[in-house]
Amino acid sequence: MTGRYSEHDHEHYERPRRRTRPRTKDRPTYDDAVDGVVVTVDRGRFTLLVDGHRVMAMKSRPLGRKGVVVGDRVRVVGDTSGDDGSLARIVEVVPRTTTLRRTADDDDPVERVIVSNADQLVVVTALADPEPRPRLIDRALVAAYDAGMAPLLCLTKADLADPETLLSTYRSLGVPWVVTQLKGEGAGDLTEVRERLRGRTSVLVGHSGVGKSTLVNALVPDAGREVGIVNSVTGRGRHTSTSAYLLELPGRDGWIIDTPGIRSFGLAHVQPENLIEAFPDLEEMTEDCPRGCTHGSEEPECGLDEAVASGEADPDRVESFRRLLAAREGASDW
Ligand SMILES: Nc1nc2c(ncn2[C@@H]2O[C@H](COP(=O)(O)OP(=O)(O)OP(=O)(O)O)[C@@H](O)[C@H]2O)c(=O)[nH]1
Ligand SMILES: [Zn+2]
């Protein structure tokens with residue numbers, strides 16, 4: 001799955017031109033580089049985790065204008081001590097396994113990659129207050145399927161409403177789900193969520209007020225301090241909660257990436273023929289589709305219609321798939 005996007009998603013990082021630019025003695029080489037992972041990005045400065053400690057770094061020239069995003073595995077040279085005022089240099093970005101893009105907007109017409117290498121996309125939705133917004137859930141699912149990330153619905157505020165109505169919309173797609181309750185009587189059991197996050201890198205998305213910060217703080221009791229550290233390192237003294245950041249779960253049980261301030265996903269790059277690859281049972285039924293068939297409901301001779309007519313396909317599943325296909329179009333904020 002993850003290989004599917006490698007062609008468009010791997011930005012090509014320019015290698016140092018060893019032949020045209022002779023190495024000087026004091027110029028670091030890749031041989032000296034150490035591995036790091038990008039924890040957060042703040043105005044051109046990157047906080048990395050290198051060997052379990054935090055290191056500030058900037059991009060080095062060989063990377064040119066190519067982006068470095070949260071979740072990137074990088075190679076770093078220079079001062080990787082993490083001491084106050086130290087600054088290392090990122091010389092290489094390891095090819096990404098997955099990417100998540102934010103939507104284009106008036107300020108920036110490009111759908112930029114904001115997070116890489118996550119293998120699970122957790123769509124955090126309140127069961128009430130605020131009401132669930134199925135179109136946003138659908139768009140997040142499209143982003144997950146397209147990127148080859150496993151989706152997970154995390155339904156918060158279980159004290160306020162029953163999950164059944166919402167779940168009925170997603171059952172035929174087979175989307176896994178967990179329910180959480182972090183306020184009110186009997187609140188606080190995160191066993192099931194932790195189980196789902198274990199050993200994975202999960203990116204959490206959700207619109208304002210759904211309880212995502214409450215959840216992150218419950219999962220990583222040090223989250224506030226961790227994020228505080230990130231920002232004390234940048235010297236800006238205050239957490240501007242508009243950038244994604246990576247946190248390790250207690251017990252080294254996996255990683256989560258919170259995405260405050262991310263308003264929507266860019267889905268313009270999603271090709272219908274790729275979305276169906278996330279549903280192999282349905283894909284099988286599209287083998288005889290006319291060339292260029294998007295498998296949407298408006299297609300005159302789509303194999304999915306035949307499969308429904310012959311009883312081979314579950315009509316709910318086909319309908320849900322087509323709903324996702326349609327959700328791809330047009331932008332929509334969280
Ligand atoms: N009833 C109920 N309220 C909750 C629960 N979890 C969180 N809340 C409340 O929901 C409100 C929003 O929670 P936050 O964690 O700040 O939500 P958020 O998704 O991070 O929202 P932003 O900070 O705006 O991005 C707060 O008043 C929380 O106390 C829950 O399980 N049940
Ligand atoms: Zn078709």
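A Cβ is built for glycine as well, from the same backbone N, Cα and C atoms used for every other residue.
Features as listed in TrEMBL:
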- THR156, LYS157, ALA158, ASP159, GLY206, HIS207, SER208, GLY209, VAL210, GLY211, LYS212, SER213, THR214: GTP binding site (BINDING)
- CYS289, CYS293, HIS295, CYS302: Zn(2+) binding site (BINDING)
- 1-14: compositional bias 'Basic and acidic residues' (COMPBIAS)
- 107-265: domain 'CP-type G' (DOMAIN)
- 116-263: domain 'EngC GTPase' (DOMAIN)
- 1-30: region 'Disordered' (REGION)
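The secondary structure of THR156 (GTP binding site), as reduced to three states from DSSP, is extended strand.
Taken in sequence order, the binding-site residues ALA158, SER208, VAL210, LYS212, THR214, CYS293 that lie near ligand 2, meaning a CB under 6 Å from one of its atoms, are CYS293. Here the C-alpha separation of CYS302 (Zn(2+) binding site) and THR156 (GTP binding site) works out to 38 Å.
The binding-site residues shown are CYS289, CYS293, HIS295; of these, the one with its CA atom nearest the CA of THR156 (GTP binding site) is HIS295. Proximity note: of the listed binding-site residues (CYS289, CYS293, HIS295), none has a CA within 10 Å of the CA of THR214 (GTP binding site). The GTP-binding residues named in the record, THR156, LYS157, ALA158, ASP159, GLY206, HIS207, SER208, GLY209, VAL210, GLY211, LYS212, SER213, THR214, extend over a maximum Cα to Cα distance of 19 Å.
Looking only at Cα atoms, CYS293 (Zn(2+) binding site) sits nearest to GLY206 among the binding-site residues ALA158, GLY206, SER208, VAL210, LYS212.
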